[in-house]
Amino acid sequence: MTPAHMEAALLLAGVLFMLGLISVLIRRNIIFMLISVEIMLNAAGLAFIVAGSKWVQPDGQVMFIFILTMAAAEVSVGLALILQIYHQLKTLDSDAANLMKG
Amino acid sequence: MELTFYIAAAVATIATILTITRYNIIHALLYLVVSFLAVAVVFFTLGAPFMAALEIIIYAGAIVVLIIFVIMMLNLTHEDVDKEKAWLTPRVWVGPAILSLVLLAELAYIILAPDTQPTEALVAVDARVVGMSLYGPYMLGVQLCGILLMAGIVGAYHLGRQKKKVVHRFLQPKEGRSAAI
Amino acid sequence: MENLLWLIPALPFLGALLLILFGTRLSRSLVAILGVGSVAVSAIITILLGIEFLQNRPEFYHQEVWQWFNVAGFTPSIAFHIDALSIVFVFVITFVGALIHFYATAYMADDQDYSRFFACMNLFVGSMLMLVMADNLLLLYLGWEGVGLCSYLLIGFWYKEPENGYAARKAFLITRVGDTAMAIGLFMLFQAFGTLHIQTILTEAPQAWSVGSQMAIIVALLLLGGAVGKSGQLPLQTWLPDAMAGPTPVSALIHAATMVTAGVYLIARMYVIFELAPLAQTIVAIVGAVTLLLAGFSALTQYDLKRVLAYSTISQIGYMFLALGVGAWSAGIFHFMIHGFFKALLFLCAGAIIMALHHEQDMRKMGGLRHKMPIVYWTFLIGAASLAALPLITAGFYSKDQILWYALAGENGSIWFYLAGLFGAFITSIYTFRMVFITFFGESKTHLEHPPGKVITIPLIILAILSLVGGFIELPHNFAHIILFSNLMAPVLPGIVANEVLAANEWMFQLIAAIVSLGGVFVAYLFYIKSPALLASIERSDFAMTLHRFWHSGWGFDALYDALIVRPYVFISRLNKRDFIDSFYTGLARMAEGFHVMFSETQNGVLRNYVAGIVVGAIMILTISLFL
């Protein structure tokens, strides 16, 4: 594997992260926001894998597994929250959930 | 191998761009699956085949399926697609895009900076080593993950339960305002 | 016995603590047992200690209980130091205090706040004992402020009347003026000696300061300031007459027998400093002489029974200051002890009368009580005779005669001090017997409701006996030459040598003093029994009425302070109603409020904005780490 390849992989992780970030920032639909967060998490996992393979260490992959676990837990809780919001507010608009505004 | 990587990277980027520009959630999810699959290929080229499998099984499989289930429970219609269209005006894109590009530029600057560390030849880190590491030095992390998943299950059960709408009495909207909320 | 020293102040404190914590839940009799018992046990310990002290004649007893704190080498202790001077004070405080507590169980019997009263009284006795037993000035100051607090609490005991609260605040604030001066004096002492341990200061002061040195004078004057405030002397005397708003046992204990003499104790305790500052000592004498005259005149015109006694207290403490000022230390302390007996007696008698007449304090509405309350009459008469210093039989004669004698014949004495004291004695005996005649003679004007019971009369009788025989422990040289008290004081306080030329004629001056006091009684008899018309005709003249009003208001000191201090202060504070310094802080608050409004705008409940905030923060951190 060449250094260029490695840097390209890291850049890919950065690009994917940016795309997820843009999506989080522009979307009002709360399910889309959750999906975008998944994209960002995946990008972070990719960066770990790249780092792990660069130094030929298992730790990067271990971290990816942890991220995977976290993503799974996060999605399950997040979706439950979305269901609650939808039942309470009858909408998926995240701006409507603003009872805590200052 | 290198070509595979670049093709997969291109597919992943394009699929993600398409994901974040869709108005229909189901379409977006399908592109997301493609994106995940492409990333799985990238994992493979990076010498982490087991992770590629996990990416497909858990991200492209379990998580996306979970989201689809929830979407099915919400009875979304064309109206929602129209609403999404109305929300996603070009103007909305400007600020986030600038912010993200600045961040990306900085990341790229860091990534592309001259690297003093010589990169070793690609050696696949096989699943056995990962497993040894997980159940060796990372034992605590594994147990914490177990607790996290437990909390996820309990939290999802607790939050997802259909119950009487309980809002604190001070926060109870007045009759006139309930439509707005 | 020495190991039991700490018990003397600890018991009243314990009583106070128990009463404060559980007072409302205890029955009245239990409250009385706790309240009286704690002080009575202290008194018993004191008497046992005193007997041992008289037998062994040690220089002092000392007990260190624990070290209070240790800051940069300043290590005051909770430690007690008992020598002849403090044992006299401790004896008066515990013994008279116990009698007054006992009396108060009957006097306060119908009061709702029975336990609060005894809690405050016990706290007072504890603080006062700490004051006189302290071996360092800091502990003394703690007791000093403690008694000030209790005085405030007890003057305002019936706080539902606004005037009582006003009197309490007045007492507290005016004594605070003196206390501040005293605190500054303590700071200067600490700066000079690096310790506040009394005995160390007393031994080191003569080496550090020469006689008449400026430092000694300043410190002595500051200490005098504290003493003057606490003891109701000129110019801080105005609080004491108003302090009579408290219950009568309080007046008897705090504002006659013990607390107001704390100033006397302080000066006697720090006598070395005053001997190093002859100017300050002369000022002490002048303050005493002027105060005793002014207060005497004011007492002449009062109609409120307790106010007469209050002014007479001021006047008698003036005698003590006069004695201290001319260097007759032992005479001053002797007069303190005798005064403690007879003034407590007079106050308690007054309390019995006031209680019997439904809280009527105006003497003009009394009269003819001689036959209705014979015990009170006789005891009051004994107290009055002692106060007026009727010759030979009363203790007051011996103590006051000694002061008058040394005011003339002592080293620092002068004919002016003597004349002031003599004239004061004349006035004293007039106003004392004016009080007796108006109250107990003449026709009866009110119906007697509660004849005093045994609980009331027993303390009166004990105090009356002490007021008579107390004087026989110190008789003049030309009588029997019994000088038990001076001998007791000799190791602690320096003696005084009388002028030898005058000493030959001492009997003549005693005769003059006797004639003056009897003359005062005669004048009172003339005006109030024999021919009241004569008095009435004098009183009708314009001059007399103006003078009467002037004296009645205590020489217009209240009005003077009102005009000099209170009004300008109120004026300035009104000017500065919109505190301009405060506007700076208000500005700060406004600014914080503005920021609050600004930042609460960011809490708009839109999730995307929060995410954007996080991103901006991440970019900033990343940028900074890139370029640094």
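Any Cβ shown, glycine's included, is placed from N, Cα and C.
Curation does not apply to TrEMBL; its annotations are automatic.
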Range annotated as transmembrane segment - as stated in TrEMBL, picked from C:479-497, C:574-592: C:479-497
Beyond the flanks of the transmembrane segment (C:30-51) by 6 or more, those residues with Cβ under 8 Å of it: 1, 4-5, 7-9, 11-12, 14-16, 18-19, 23, 61, 82, 87, 90-91, 94-95, 97-98, 101-102, 104-105, 114-115, 117-119, 121-122, 125, 129
Beyond the flanks of the transmembrane segment (C:114-132) by 6 or more, those residues with Cβ under 8 Å of it: 8-13, 15-16, 19-20, 23-24, 26, 28, 31-32, 34-36, 38-39, 42, 86, 89-90, 93-94, 97, 101, 104, 108, 139-140, 142-144, 146-147, 149-151, 153-154, 157, 247, 249-250, 253-254, 258-259, 262, 265
Contacting positions for the transmembrane segment (C:6-23) when only residues 6+ beyond its ends and CB under 8 Å are counted: 31, 34-35, 37-39, 41-42, 45-46, 49, 63, 65, 80, 90, 94, 115-116, 118-120, 122-123, 125-126, 129-130, 133
Three-state composition of the domain 'NADH-Ubiquinone oxidoreductase (complex I) chain 5 N-terminal' (C:68-118), taking helix and strand from DSSP: 29 helix, 8 strand, 14 coil
